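Here is what TrEMBL says about this protein:
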ACT_SITE  179  active site, proton donor/acceptor
COMPBIAS  20-33  compositional bias 'Basic and acidic residues'
COMPBIAS  34-43  compositional bias 'Polar residues'
DOMAIN    47-283  domain 'MYST-type HAT'
REGION    20-43  region 'Disordered'
REGION    342-372  region 'Disordered'
């Protein structure tokens, strides 16, 4: 046996290694079988075996619903241990404890962009959930992926994240919609959210006519999502007039459904209201005229200001002028600027040619014989 060992390794070293391995297996088994945690999100019984079967996240034991492509040494374990701040995963409770002694994070890395009372949203304290979106999306999606941890579900955080994504879309001046196709859980969540927002809109607009574009402008929802939700609630009806060809669509509000929803919201304690004035975020690209922000200026006028510092250093006051006049002013300013630049370029070009000709004349005069 000793002759088969590598050079420098004795039989005693092998025995010590086996004892250490057995001891580590015992410690891992004890920590895996610990039942002092809070069990959340029990997995359905008809799911195939998952790898890993459970994760320990802080004081919560979460049974997984799907498998993840962890390395083989981690995937074969019955339970993984995650740091709830930096999300590092380890094999055992002992290794996790050693990591926590050195981990300096106490909140997710990122910039705080929203704060209201005891709730903060970081761009990028304890991880409750997250959503992601593309900065430059051709389809104008406001959500690519959204998730709430199982231990914080049914507490209003999922709806708050959806509400927050639509608040960012309003700040960009766009109608928001999630990335399609939706998953099964995403479809359930968004259908419930759209239904709630539309019914609350009906409750605050009981008088007067209602159109899909008006709902979209007030709520920030996409017109297609509004129409689909109204059809699911059986509030979109076809109508036709006598003597006219074709038919149209009309919104028929079921007021008992609206009243029941309002009473349900009033009795709910999990709703987390969102305060738009608490947002501290500026989009990279936004529309010049934001239809989702209130403005005191009429739709056919804009504000124009001019800073006159050349003369006495006075500032002209704000004046309201129509769009056409504004475009003419901008065109004149641009044309004058371009004309001035072209004039300066032409003058510089002429001066350069004049200097080059003068240099050539000097050279020719040097080599020509002097007249006697």
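Heads up, the Cβ atoms here are built off N, Cα and C, so glycines get one too.
Those TrEMBL annotations? Automatic predictions, nothing curated.
The shown structure was predicted, so the numbers you read here are calculated from the model rather than taken from an experiment.
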The domain 'MYST-type HAT' (47-283) [mean pLDDT, rounded to integer]: 86
Helix, strand or coil at the residue listed as 'active site, proton donor/acceptor' [DSSP, three-state]: coil
Same chain, 6+ residues apart, C-beta under 8 Å of the C-beta of the residue listed as 'active site, proton donor/acceptor', given in sequence order: 139, 141, 143, 144, 145
